[in-house]
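Just below is one structure, and these are the notes that go with it.
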Amino acid sequence: MRVVITVGGSIIIKDHDYKKFQDYASVLKSMAQEHQIMVVVGGGRTARDYIGIARDLGASEALCDDIGIEVTRLNARILITALGDDAYPRVPHNFAQALEFSTTGKIVVMGGTEPAHSTDAVGSILAEFVGADLLLNATSVDGLYDKDPNKHIDARMFPEITPQEMLGMLADKEMKAGTYEFMDKTAIQIIGRSMIKTVIFNGENPENLKKAVKDELGTVIMPNK
Ligand code: UTP
């Protein structure tokens, strides 16, 4: 299968050390024996810190986004470093480049592309662009909940959901640099139109990737339900 994986910065750069990158690299290498893998890495707290500094200096939202993108690309470079020869050595800056780099058979790792969305949207556009069979979204919680599970103990996780239902949940949320919700609107709209099967799952343990690819955990977004 051709699989696109988005890894939230809040997971991979959380502890500010090499370990998570190394663990992710080892799982990705083993998955690449069987599947064609493309990865999109988020910015995490580092991106939010930099965006905060730029905003305090009076930068526009688009400029703040652009600074966030630089951080996601930096994280992508670190994952490429961890993957060594198994990864294409450069970070693509757009989808055509990502597709081109993937023809080498290497794992392609990218960050953001342009302002006004998160790396979740990059993942869904990339999945559509390259005709992926599956989109895996690694987050810090077990799946998609009806409310924030870190704040509400009665939060309920959806085993399955449609893009339409997700958009309904996002209706009143704001879109600002560094604060795109559990998945931004662009990401959900693309998943809806491209009909790419998507799984949101807990990526704190990289081994979960192997289960997510087999549908064994998380929330499945069913575009054609
Ligand atoms: P992230 O995708 O990491 O955003 O990109 P996030 O919603 O904060 O996700 P987590 O918490 O890491 O999972 C960091 C920021 O970079 C900008 C946005 O401002 C985003 O919030 N960005 C990223 C873009 O503007 N365009 C992109 O293509 C990617």
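Residue numbers in this text run from 1 along the chain shown.
Each residue, glycine too, has its Cβ placed from N, Cα and C.
Copied over from TrEMBL:
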{"type": "BINDING", "residues": "Gly9, Ser10, Gly44, Arg48, Thr139, Tyr145, Asp148", "note": "ATP binding site"}
{"type": "BINDING", "residues": "Gly43, Asp65, Thr113, Glu114, Pro115, Ala116, His117, Ser118, Thr119", "note": "UMP binding site"}
{"type": "DOMAIN", "residues": "1-202", "note": "domain 'Aspartate/glutamate/uridylate kinase'"}
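Not one of the binding-site residues Thr139, Tyr145, Asp148 places a Cβ under 6 Å from an atom of ligand 1. Mapped onto three states, the DSSP output places Tyr145 (ATP binding site) in strand.
When the C-alpha distances from Gly9 (ATP binding site) to the binding-site residues Gly43, Thr113, Pro115, His117 are tabulated, the minimum falls on Gly43. Checked against Thr139 (ATP binding site), the binding-site residues Pro115, His117, Thr119 differ in C-alpha distance, with Thr119 being the nearest.
Reduced to three states, the DSSP call for Thr139 (ATP binding site) is strand.
When the Cα atoms are compared, Thr119 (UMP binding site) and Gly44 (ATP binding site) turn out to be 10 Å apart. Using CA atoms as reference points, the binding-site residues Ser10, Tyr145, Asp148 were checked against Gly43 (UMP binding site), and the closest is Ser10. Cα-Cα distance from Thr113 (UMP binding site) to Asp148 (ATP binding site): 28 Å (rounded to the nearest whole number). The most densely surrounded of the binding-site residues Thr113, Thr119, judged by C-beta neighbours within 10 angstroms, is Thr119. DSSP gives Arg48 (ATP binding site) a helix state. Ranking the binding-site residues Ser10, Gly44, Tyr145 by Cα distance from Pro115 (UMP binding site) puts Gly44 first. The number of other Cβ atoms within 10 Å of the Cβ belonging to Gly43 (UMP binding site), over all protein chains shown, comes to 30. Summarised as a single figure, the pLDDT of the domain 'Aspartate/glutamate/uridylate kinase' (1-202) averages 93.
Taking only the Cα positions, the spacing between Ser10 (ATP binding site) and His117 (UMP binding site) is 16 angstrom.
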